[in-house]
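In TrEMBL this protein carries:
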| type | residues | note |
| --- | --- | --- |
| REGION | 1-33 | region 'Disordered' |
| COMPBIAS | 18-29 | compositional bias 'Low complexity' |
| DOMAIN | 45-109 | domain 'P-type ATPase N-terminal' |
| TRANSMEM | 304-327 | transmembrane segment |
| TRANSMEM | 350-374 | transmembrane segment |
| DOMAIN | 881-1125 | domain 'P-type ATPase C-terminal' |
| TRANSMEM | 912-930 | transmembrane segment |
| TRANSMEM | 950-969 | transmembrane segment |
| TRANSMEM | 990-1013 | transmembrane segment |
| TRANSMEM | 1033-1052 | transmembrane segment |
| TRANSMEM | 1059-1081 | transmembrane segment |
| TRANSMEM | 1087-1111 | transmembrane segment |
Amino acid sequence: MSGERENVRGSRSRPSRDSSSGPRISSQSVILGRVQPQAPGNRTIYCNDRDANLPVRFKGNSISTTKYNFFTFFPKGMFEQFRRVANCYFLMISILSMTPISPVNPVTNVVPLTLVLLVSLIKEAFEDWKRFQNDMVVNNTLIDVLQDEKWVAVPWKKLQVGDIVRVKQDGFFPADLLFLASTNADGVCYIETANLDGETNLKIRKALERTWDYLTPEKAAEFKGEVQCEQPNNSLYTFTGNLIFQKQTLPLSPNQILLRGCSLRNTEYIVGAVVFTGHETKVMMNSMNVPSKRSTLERKLDKLILALFGTLFMMCLIGAIGSGIFINQKYYYLGLDKGVAAEFNPSNRFVVAALTFFTLITLYSTVIPISLYVSIEMIKFIQSTQFINKDLHMYHAETNTPALARTSNLNEELGQVEYIFSDKTGTLTRNLMEFFKCSIGGEVYGSGVTEIEKGAAQRNGIKIQELRKSATAIQEKGFNFDDHRLMRGAWRNEPNSDTCKEFFRCLAICHTVLPEGDESPEKITYQAASPDEAALVTAAKNFGFFFYRRTHTMIHVRESCVEKMGKIQDVAYEILNVLEFNSTRKRQSVVCRYPNGRLVLYCKGADTVIYERLASGNDDLKKVNRAHLEQFGSAGLRTLCLAYRELSPETYESWNEKFIQAKSSLRGRETKLDEVAELIEKDLILIGSTAIEDKLQEGVPACIETLSRAGIKVWVLTGDQMGTAINIAYACNLINNEMKQFIISSETDAIREVENRGDQVEIACFIKEEVKKQLKKCLEEAQHYLHSAPGPKLTLVIDGKCLMYALDPTLRVMLLNLSLNCTSVVCCRVSPLQKAQVTSMVKKGARKITLSIGDGANDVSMIQAAHIGIGISGLEGMQAVMASDFAIAQFRYLTDLLLVHGRWSYLRICKVIAYFFYKNLTFTLTQFWFTFQTGFSGQRFYDDWFQSLYNVIFTALPVIIVGLFDKDVSASLSKRYPELYKEGIRDAFFKWRVVVTWACFSVYQSLVFYHFAITSSASGKNSSGRMLGQWDISTMAFTCVVITVNLRLLMICNSITRWHYISVGGSILAWFMFIFVYSVLRENVFFVIYVLMSTFYFYLTVLLVPIVALFGDFIYLGIQRWFFPYDYQIVQEIHRHELDDNTSAGSLEVGRQRTAQEEGNPLPREISRHTGFAFDSPGFESFFAAQLGIYAPQKAWDVARRASMKSKPKMPQRN
C-alpha cells in the first residue's frame, strides 16, 4: 500500500533458496526432484531460474487476440454463420433444390447463399487478419532480459515466467512483473495506467526494501527468490503473494506489481521479475467482450420470420392438398399411366401431396429474403460509423472527443428508450472538484454561493447578489474558497486554532497524491486518483500546509504560521500504514509518526461510516457538524468527514502485528485487511468536514427537460447523500416545486433510535418493516393522485439503506409499481451493485427499453445491465466507455443521440424490414397464384435466375438507400418537437397492424400483376402472329413487379434525394440490361424481351399495371395522412415550405424558448411564423396540446380540411 512502512518477519516454514542454499525445499510439501507440486490456490515461481520453472509448464508470453487460426477459421466461421436461423433455412432450401423433386435449378439457390456466406467470411477474415497483424507487432516488441549477467534484447513473445527484465522510461511492461528495483530514490517508480483503465494520473509503485540493490545486471544475476502468489485472475487492483528471500517471508501487495499494458514514467528504468505472462496477465484476462446485446426490434424480426415460416407452410400445405385432389387419371392427356413418377402417381395421393409439399417449399423459398440480414447489417454499420461517429453536434472540441458507436446492433434501440438511469458525478456534473466550504470544530467557513443555491433561490423568487471576493481570496484549479478567517495564517486567531491545525494536517497527510514538478507552491502539480483528493491537497497548500514531496515512507509538508505568524518550517511525517479507500470501506486512513514521536491515525470518509466509529461523548459537536453536512448537501456540495485518533506505541505495535499477518495471508487477504482496519479505526475524534463543489455540465437541465417532453423518464442513481442528490435533481429540472415528492429515508428518529441500540437483527427487521410501510403508503397516495383529474407529477427519492430492503423479493414488486408511476426517481447512497439491481428491476419487471449512462468504473455493472449502455469519456478513466455500447463526451449529447439518430434509425429500420417483407411476399404470391393454373404441379412461373437475382440486384440498392438517408423531419425539428420520439416508445411503426397492412397490399398487387398479365396477353400475338407463351407472360409480369416495387419504395420515403432516383432508376435499368443479354443466352427465354417489345400489349401492360397496382396504396396513404396522421406528418405539414435545414444554424432554434404570449395560451391558435398559413385545426391542435400535457381529441375531418388547403410558399426576405 502506498507510503507503507515495510515490515519483515522471519519465515518459519519456507526456507529461502539462493545460490548457496543447496536443494530447494518445498514450502508446502516434500521435494520431488527440483519441482514443487503447485497447490490449486497458488503458484510458486523461481526467479532467475528457467530450469526450475520449466517442468511446471507456465504459459508463454505470446498473445493472440484473433477469433480464428488457420485450422479453425472455416469450421468456426461456418458455425457462426449458421447460428442464424435464416441461413439454416436457406441451407435446407439449397439441399432440397438438389433433389429431383425441385422445380428450380439448384444453382439459383446455392449461388446466392454462397455469396452471402462468402461475403461474411471475407469480412470476418479481414477483421481477424488485422488483429493478427497487431498481435505480431506486440509479440515482436523488444525487451531487455537478463542473460549471463548482461541485458539482452529479446522479443516479448520469448519471455518466460521468472525472467528478470529491465524496462526503460516510457516503455511498456511486457508482462505482469514483480517490481524489484528502480533508479529513483527509495525504490519507487511512476506508472501510467491509461491502457488499463484510461486514467492518465500517475500512480506510484514501490519495491520491497530488500530488493532495492538488484539494479545492475551483475547484482540482478545474484537475485534468487521464490514467489508464492495467487493463481492468475482478472482482478486489476488486488494481488496476494509472498516473496521468500534470504530465509525471510516478505508480503507482496498490488504496490509491488507492474501490470502488462501500463507504461513507465519519470523513471530512467526499473528491474522486475516476470510473474504472469501472456494470456494469464491481468489485462488479458480482462479483455473480454461486452455482453452481447440484441435490439428489441431484432427480436421482433425473429417473430416476423416465424410468421413468414407459417405463411410458407400454409401456402405449401394448400398446394399439397390441391395436388393430392387434382391428380387424376381422367386427365389422360397428362400421361398419368403406370410407370409414372411417384410425385404424379394418382394411385398414391398422399405421396403426391407430400412430395409436392417439399417441391413447393423450394418454389416459394423467396418469401423469406436471403439478403435481409446482410442489408440490415450494412445499413446499421454505415449509420454508426458515418452518421453517429461523425456528427459534429456530438463532438466535444475542448477534449477533442467525438461520439463513438462501439456496436451497430443497437442503433434502432436508441429510438425506443423509455427509462434512463444516470450517474451524477461526472455524468450530470463536470467532475471538476473545487474546495468550496468546510466545517472545523463546529464552525462553518467559506462564503460562496453554489449554482444549486442560485437555482433554488431563483425557484423561490429570491434574487441573490453576487458576493465580492475578499482581498485574501485565492483562485486556482481545485480551490474556490473565500474566508478571511482562515487564509494567510489568520486561522491562528480562531478560538479553535488547534482543531484547525489538525484539520489542515489531515488534508495534507491523509491521501495517496503524488507531487510533480518544482517543489514550489506555484509550479507544483498533483497527480491524484480522483479530483476530490487533488482538491483537498490543494486546499491544504493554500491554508499553509504545503505537501511537496513523497518518498517510500515519508511525506514532507511545508507548514506556515504554525508556531508563530510568518514562520515556515519543513516537517517530515513518517507514514507507517495506509488503509486505502474502496467502495466497501468508504473511508481512507493513514497512521503517521510525527518527528517528536507522536503517533496519530488520520481518517477521512463518508459521514455515515465516520459517525459509526466516533468515540462516545462530544455530542454537541456531532450534532452541529451533522447540521452543517445537511446544509452543505442542500447546497449541492460533496461532503467528507475528517477525524483522528491518538495512538500509544503499545496499541500500535499490537495492531501492526495483526496487520502484517493479514497482509501476508494468501487467502482472503482483502477481507482480513478490512477486518484488521476495523480494530484501529474506532474511538475517533471528529475534526470537521469538507464541502467540495462539482458544477453541472453545460446544457444538462435543458437536455433533461427535452428528454422528459419526449416521454423519457430519467432516474438518477448516485452515491451522494440525499440532500445533495435532491438539490442536483432540482438544478437539473428533474424535480420541481409542482411535483409531489415521496421520500423514503433511513435518516429518521425511529430508525436512529433502533440503530443506537446496536442489535443488527433488530435493525434489519425494523428498517425492512418501515420501508414496507412507506412503500405501501406512497403507492396508495400515488394511485390516488393518478386517478384524480389534473394530478401533479410524482417523484420518488430513496436512499441506499432503504433501497437494500426495498429490493428484497417480497417488496420489489411494490417498489417497481411505485417507481413506474413516478416521472422521476432519485436513488442516493447507492452502491454499484444496487445501481445494476435497479436497472435490471425495470428492464425485466417493466419490460421497457432502458438506457444507463455513467463515466466511472462503479457504473460498469449498471451500463451492462441495461438494454443500452452509454459511457461518458470523462475524468474517471475509460472503464465505463470500454464497457459501453456508445460513448459520448457530455450528457447533453443524449438529445442528438436519441431524438435524432435513434429516432431516424428506428424509423428507417422499420421501413426496411416492412418493405423487405412486402416485396418478397408480393413476388412469391404471383408464383402462388400460378400454382392454381398448373394443377398444383409445382411448375415454376419465373425463370430460375429471375427468382435468384430479384433480391440480390433488382431490388437491393434502393432499400439500402432508404435505410441510410430517409428522414421524416430534420434534426432541428426532431429536437424542437421531442414529442415525436413517443412514437418510437409506442413502437408505432412496427406493430402487427402495420405488417398486416403491408401484407394486404402484397396480396392485392400480386393479384393485379398475375391476372393483368394473363388477361392482357390472352388474345395477344407477337409480330409473327403467334400467341404469347408462358415465358413471355412471366417475363412481362416480372417486369411489372420490378417496376412497381421500386416505385412503391419512393411512396414511403419522407425525403427523396438524388441517391433515391439513381438507385430506383438503376435497379429498373439493371433488369432491362440483364434481360436483353440473358434472353440471348438462355434457351427457354430466348429472345423473349425482343418479342415482347415488338407488341403493343407489353407497353400497355408496363404502363397500366404499376398504376393500377399502386392506386390502392395511393388512396390508403392519402386517407391515412389526412384522417389519421402520425405526429411527424403534422410537423411536416407545418413546416412543408421550409428548406430542410440540418446545419448547425438550423440547430440553434432548438433551444428557442416560448414567449410570454405562448406561455399564457394553453393551446396555440396561430401557427408559428415558419408556416405561412393560419392554424385552427383541432387535428393539429391535439398535437400541440399533447406537448403541453393537455388532452384535446383529434377530429380527422379538420385535419383533412387543413391538409387540403393551399398556401403560398414562403418567399425569402430581402435584406
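Residue 1 is the first one shown; counting continues down the chain.
Here the Cβ of each residue, glycine as well, is placed from N, Cα and C on the backbone.
Between the transmembrane segment (350-374) and the transmembrane segment (1059-1081), the number of CB pairs under 8 angstroms, six or more residues apart, is fewer than three, so the stretches are not in contact.
Using a cut-off of 8 Å between Cβ atoms, the transmembrane segment (990-1013) and the transmembrane segment (1087-1111) share at least three residue pairs, counting only pairs 6 or more apart in sequence. Of the ranges 304-327, 912-930, 1033-1052, 1059-1081, 1087-1111, the one with the most Cβ pairs under 8 Å to the transmembrane segment (950-969) is 1059-1081. Note on the transmembrane segment (912-930): residues 297, 301, 304, 308, 311, 315, 319, 363-364, 366-369, 372, 375-376, 379, 939-942, 950-951, 955, 959, 962-963, 989-990, 994-995, 998-999, 1001-1003, 1005-1007, 1009-1011, 1037, 1041, 1045, 1048-1049, 1052 of its chain, located 6 or more positions outside it, place their CB under 8 angstroms from a CB of the stretch. Residue counts for the domain 'P-type ATPase N-terminal' (45-109) by DSSP state, with H, G and I taken as helix and E and B as strand, are 33 helix, 2 strand, 30 coil. Averaged over the domain 'P-type ATPase C-terminal' (881-1125), the predicted model has a pLDDT of 88.
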